[in-house]
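Student: One structure, as structure tokens, below. Some questions next.
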Amino acid sequence: MSEVRHDWIKEDILAIYNRPLMELLYDAATIHRRHHDPNTVQVSTLLSIKTGGCPEDCGYCPQAARYHTEIEGNDLMTVSHVKAQALRAKASGSSRVCMGAAWRNVKDGPEFDQVLEMVRTINKLDMEVCCTLGMLTENQAKRLAEAGLYAYNHNLDTSEDYYKDVISTRAFQDRLDTIDNVRKSNVTVCSGGIIGMGEKLEDRAGMLVALASLNPQPESVPINALVAVEGTPMENMDPIPIWDMIRMVATTRIVMPETQVRLSAGRTQMSREGQAMCFFAGANSIFAGDKLLTTPNPDVNEDMEMFKLLGLNPQKPFTKISQPKTVEASESQFTSLDEKPKWSGPGHKIERNEDAKQKVKLTD
Ligand code: SF4
């Protein structure tokens, strides 16, 4: 029976988020192993193909024209420049290039044609291509699909309730509409959010309700920790504790078991130990490269060293996103876990065979 549920309510998700940490990690890791190879992590390279000058007012974003940040704006990159960057990303282990443009929405015309050409070019390199270009019509989604786009990123950012405190130039429903347009093509959906923007725990749960309610659920869900940039309205926000990130990743894994959970912005503020706990809790993707659009990110060599240390392998391109793993298949990690956790009605407490729990032990 599928573990994927679309009827989550905020209270259930909060109850999961607030579980004793070891219980939360155990349950998330168990579900993770059932659906994914726990030693494989997908690596994407994020490339800003058009930087700055955006008319929107997202409170976290240094690329909004109205904020006084130190971002240097750039016009749309050339196709050859994008190709060179993609080849470099591939050589350093990335299976996907995600191209971001600081636009409110995509406009038909020469610039969109240029992006379509970029998509075709990267596709020929046998890499997955993702774009994040703002709002999109159904027709534009179909044109991107024809060019070979693999995924479209459009984050919900936060809960519907908190959304207006973060962005005023568009509505939460606009985000859902774009995701809906992407779903009408055969492009996969990447949509997640940011924690640490002053939201309540209820908002984190509310965002997960909105994402998990999508049917199908997004193939990829990035979880970002706010990188507070000077000059933006959120410049004085304190960094979130690593425990919040671990809890958020684990909760996301439990409510969206088949999804690729992406450990995204904010990794420079996390220790390797913290990131390792996120991988254990179900994160199975990262962004590589020293910049995430405009904010700092760990150097790719550092990431590959971390992978080596943790015994993780980068995922090959075009690997089926959800690869069900039976518990038996993970026996090198767990022994004698013969009963799956069950979700039991309203409140959805995890029930597990206590004997089985006792028998679980980690091998070397
Ligand atoms: S997040 Fe995107 S839409 Fe919002 S201001 Fe930044 S570039 Fe513009």
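Placement of Cβ uses the backbone N, Cα and C atoms for every residue, glycine included.
Model, not experiment: these values are computed from the prediction.
Okay, so TrEMBL annotates it like this:
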DOMAIN    39-267  domain 'Radical SAM core'
BINDING   C54, C58, C61  [4Fe-4S] cluster binding site
BINDING   C98, C130, C190, R262  [2Fe-2S] cluster binding site
REGION    321-364  region 'Disordered'
COMPBIAS  321-336  compositional bias 'Polar residues'
COMPBIAS  337-364  compositional bias 'Basic and acidic residues'
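For each feature listed, report its degree of burial, its nearest neighbours and the pertinent distances within the displayed model.
Tutor: A simple way to gauge crowding: the CB of C61 ([4Fe-4S] cluster binding site) has 25 other CB atoms within 10 angstroms, across all the protein chains here.
Sequence-distant neighbours of C98 ([2Fe-2S] cluster binding site) (same chain, six or more apart, CB under 8 Å from its CB) are S44, T45, L46, L47, V129, C130, C131, T132, A151, N153, C190, F287, listed in sequence order.
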Student: Starting from the Cβ of C54 ([4Fe-4S] cluster binding site), draw a 10 Å sphere and report how many other Cβ atoms land inside it.
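Tutor: The Cβ of C54 ([4Fe-4S] cluster binding site) has 23 Cβ neighbours within 10 Å.
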Student: On a count of neighbouring CB atoms within 10 A, which of the binding-site residues C58, C130, C190 is highest?
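Tutor: Top count of Cβ atoms within 10 Å goes to C190.
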Student: Among C54, C58, C61, C98, C130, C190, please name the binding-site residues whose Cβ is nearer than 6 Å to ligand 1.
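Tutor: Correct list: C54, C58, C61.
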